[in-house]
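Chemist: Have a look at this one.
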């Protein structure tokens with residue numbers, strides 16, 4: 001089943017301008033609901049092409065310490081999944097055209113029931129959902145529920161995947177393909193190991209959704225390298241979240257640091 | 001959409017439970033493990049090395065002991081499968097040695113494992129010492145603090161113990177951290193999972209490498225009692241000793257299979273680990289199975305006096321045996337388990353692990369409440385040496401409370 005999202009016009013517009021996409025990630029409700037809303041709006045204003053937003057989860061196995069702490073802060077602020085959906089609706093109202101992707105763990109989807117979860121995503125204007133612990137092999141029921149609701153299902157392409165796996169991921173991933181720059185969990189201090197040119201070329205040859213590079217993207221030069229390697233964009237998570245953590249005592253400084261960071265990363269996509 | 005699945009050679013599901021809910025990047029490591037497992041099962045050299053170790057290093061087969069003095073009323077008989085006599089002090093070393101041999105077979109010389117109280121960590125450390133493998137044990141920070149003797153044991157045998165202070169600092173966080181390590185290290189590292197849970201093929205591998213518990217028991221009870229037991233009883237945390245005990249009896253449908261979950265302070269107290277009795281299905285640590293969780297799907301902390309049963313999930317085959325009605329899962333509280341701990345020590349001269357005391361508590365109650373001449377087979381999965389200090393403190397505190405009131 002094919003779905004229409006806000007990613008297609010975004011990638012088309014950027015391509016026309018010969019730019020890549022810069023996509024920052026934050027956890028919804030980190031450090032609390034009000035600040036999280038201000039943070040997300042500030043990133044949109046600073047030039048984020050799309051957003052990748054996480055639901056706080058008690059057991060985030062694909063995340064390194066920085067994003068684990070973001071989940072813990074949100075949960076300690078009593079941020080519920082219901083709150084997250086409400087926040088998403090406000091973000092959508094603020095910016096009708098920015099593509100919004102969710103990054104969640106499977107149990108949060110299952111707890112609501114797949115149909116209801118994706119229905120709620122559609123209602124608040126979410127374009128895509130990536131379930132970190134649901135590989136393509138287990139993805140059919142998730143993708144069916146997503147597509148019935150008109151939501152795209154994104155899958156992750158590992159850096160050392162076999163051609164068969166990459167082909168399968170290119171076939172199923174919708175909106176974009178989340179290409180890992182390296183093995184391991186999320187984190188800014190383990191840098192991108194090798195240029196992704198070959199992987200990107202292979203994925204692009206499959207004529208699937210555009211590949212976007214993530215994991216370890218913490219500096220403008222990482223974004224530049226990703227675009228040069230042929231990726232349609234780059235996602236930065238831990239480096240963004242670190243700026244939240246570094247400025248917990250001063251929300252004005254936090255928003256300034258985040259805006260500056262998004263601007264510098266976006267500038268590297270040009 | 002047929003090309004989503006079909007990559008595994010063995011069925012990753014038990015009914016609707018199980019699967020491989022892990023980041024995409026780990027699937028090649030799981031496929032490699034499945035292949036190594038299948039190949040090894042068909043390789044005479046592997047089988048003979050393992051069976052030599054099981055016999056001459058671990059001390060298999062373990063005896064089956066008929067209780068002389070329990071139950072104290074009724075006509076039933078309680079037989080104990082003596083996994084407590086195994087080297088390492090519990091059933092755990094069976095499958096640890098087997099997985100360590102699989103790791104070597106895959107050319108992986110670095111082993112990572114999670115541990116709660118330290119039993120699986122200790123078993124892994126001894127296997128790595130024996131087979132000359134590097135050993136890293138992830139252990140919740142809280143558990144490191146309260147289980148110092150086991151930390152020392154592991155270190156003595158050459159393991160590096162890494163305290164995990166994320167999340168709640170207990171077993172589930174240790175599993176998370178081991179999985180995180182593995183997503184970066186799978187090319188050179190084997191994750192030696194300690195229970196019959198996790199993503200396929202772990203539940204199947206762990207069951208197959210523990211199934212001799214049930215196979216030996218069946219032969220022994222036929223020889224000693226002249227017939228199959230009425231009930232086979234084992235405690236269930238993640239469920240490895242229980243599935244090892246149950247596996248060979250699943251097709252004997254006249255034999256009831258009873259899994260005993262940790263009832264902690266009672267199922268209404270929220271302080272328990274009775275996942276099947278009080279949880280609901282969800283995704284954690286790679287499989288779809290029963291979980292203790294909030295309505296929104298956040299994983300909850302479990303609790304039990306017995307650290308080995310203190311896990312908010314349960315192996316997927318147990319979830320299926322429950323859903324299909326083949327096995328029955330009951331719960332036993334801390335107090336009932338402690339009473340059974342005392343009872344077996346006082347009347348049979350065997351100090352059981354607190355985990356195994358849960359199974360025993362159910363068996364004694366079943367035997368004493370019945371007018372029939374039941375034959376009950378209990379997996380005495382571990383010995384209680386590790387629990388002595390802990391239990392002594394609990395009894396002292398109880399005596400103190402009694403004095404004050």
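In case you wondered, yes, glycine gets a Cβ from its N, Cα and C as well.
Straight from TrEMBL, here's the annotation block:
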type: ACT_SITE; residues: A:52; note: active site, proton acceptor
type: ACT_SITE; residues: A:63; note: active site, proton acceptor
Chemist: 10 Å Cβ neighbour count around residue A:52 (active site, proton acceptor)?
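Modeler: Counting Cβ neighbours of residue A:52 (active site, proton acceptor) within 10 Å gives 25.
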Chemist: So, three-state DSSP: helix, strand or coil for residue A:52 (active site, proton acceptor)?
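Modeler: Reduced to three states, the DSSP call for residue A:52 (active site, proton acceptor) is strand.
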Chemist: Taking the Cβ of residue A:63 (active site, proton acceptor) as centre, how many other Cβ atoms lie within 10 Å?
Modeler: 27
Chemist: Give me the Cα-Cα distance between residue A:63 (active site, proton acceptor) and residue A:52 (active site, proton acceptor), rounded to a whole Å.
Modeler: 14
